[in-house]
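Before any comments, here is the structure.
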Amino acid sequence: MTVLTAAPATGLHGHVRVPGDKSISHRALMLGALAKGTTTITNFLSSADCLSTLEALRALGVPITYTEQQVTVHGGGRLKPAHVALNMNNAGTATRLLMGLLAAQPFTSCLVGDASLSKRPMRRVSQPLAAMGAAIDLDAGHLPAVITGRPLKAIDYTLPVASAQVKSAILLAGLQAAGTTIVREALPTRDHTERMLKAFGVRLTVSADRQTIALPGGQPLIATPVAVPGDMSSAAFFIAAATIVPNSHIRLPQVGINPTRTGFLQIVRRMGGNIKVTPLESAGEPLADLEVTDTKLQPIDLAAADIPAVIDELPLVALLAAHANGVSHIHGAEELRVKETDRIQTIVSELRKLGVAIEAYADGFVIDGRKTSPITDAHVDSHGDHRIAMMLAVAALVADAPLELHDAAAMTVSYPDFLTDLERLCKGDLR
Ligand code: S3P
């Protein structure tokens, strides 16, 4: 049990360089493995999820040198059979993307995961891959997945759910397929795979409305250095903290501001939040320095079209809504039900303990920020979900009593040093 305490009256001050982006770190390893030549990755996210990808690729015969400063992938385009099951632990992105990558490799692989990952739906990936010619066996739609790679044919596929993981799995398979693979999405999801494929020398086209991607198969990847930007989804916890803790002013240098990931910035601004974005020069993904000052918040209404660009930050939107002067409605977020936990359920159960007036919808929640009452139960629980754990640590800063957080260790999945960095901002150590 980790004890979380309130922020000092002087608020949060100083700066934190948030760790590298999780989505981009996974992709850099995988594209590096497929590429000819040596890929160096800087600011790689050394968290449990990304290390699961790294170990899986090593087991598939890819030589990878790892230090906290730099990861070097000695690619070659050919993977070798792993003679053990690949343990993906909690990493959903890694699992789904690897399924796409392995679907064309001429051997059988087995992917397993922890209890949470083993409950998450995998048919959304196995079905389109099977239509391309891969043989994938699941256990009633879940891990373990036994993947036998086959020669693949291209597919023209319309995503039934807004999911960058599914899109990316199909693109990784399409890259190794005969013909041009087309993926259509109604709502744009994060496009790191498309951008990184281009950086590795692959030709693909994205339509002007950003809804259709066409990828001719059989193209070689050429190794290229990848500088991973700071993770917007990690920065979001500090943005939320500095917004709701009075007398705060913080800086977050070098955060990725890919437009498919900045939904949270826009939402906080729509709620009245005070965030200054100073764009920086960068060769790859767009980058900026962020500066955040505390403010009083208004409520917000979100619908399906708002969701993909803020999908991982919705626990924080709930927390901000609990501090807003009115009723917020979040709809169109049913994908939260199949994340690391059923996040609608875990957000509602944990915030209620903190006195928040919150009700679940099938596809979201409603929160009346004017009706927040004192804590009813100081024992909160991450339920093993890294983003719920960190949201609760931020909630503790404005709680009227210390909180005891069960399973704080879940944070290691995406941000192992989160509590240390939060504490530094509370102490104003890095002014
Ligand atoms: C991710 C995509 C999102 C997101 C996840 C990372 C990715 O999942 O929630 O944390 O790196 O592609 P979905 O695409 O399944 O919504």
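Including glycine, each Cβ sits where the backbone N, Cα and C put it.
Among Asp306, Asp312, Asp368, the residue that TrEMBL places alongside Lys22, Ser23, Arg27, Ser163, Gln165, Lys339 at the 3-phosphoshikimate binding site is Asp312. For ligand 1, the nearby binding-site residues are Ser163, Gln165; that is, of Arg120, Ser163, Gln165, Arg387, these have a C-beta under 6 Å from one of its atoms. Every protein chain considered, the tally of other Cβ atoms within 10 Å of the Cβ of Lys339 (3-phosphoshikimate binding site) stands at 20. For Arg387 (phosphoenolpyruvate binding site), the nearest of the binding-site residues by C-alpha distance turns out to be Lys339; the candidates were Ser23, Ser163, Lys339. Counting other Cβ atoms within 10 Å of each Cβ, the binding-site residues Lys22, Arg27, Arg120, Arg387 show the lowest value at Arg120. All protein chains shown were included, and the count of other CB atoms within 10 Å of the CB of Asp312 (3-phosphoshikimate binding site) stands at 25.
Rounded to a whole number, the distance between the Cα atoms of Lys339 (3-phosphoshikimate binding site) and Arg120 (phosphoenolpyruvate binding site) is 7 Å. When each of the binding-site residues Ser23, Ser163, Gln165 is scored by how many other Cβ atoms sit within 10 Å of its Cβ, Ser163 comes out lowest.
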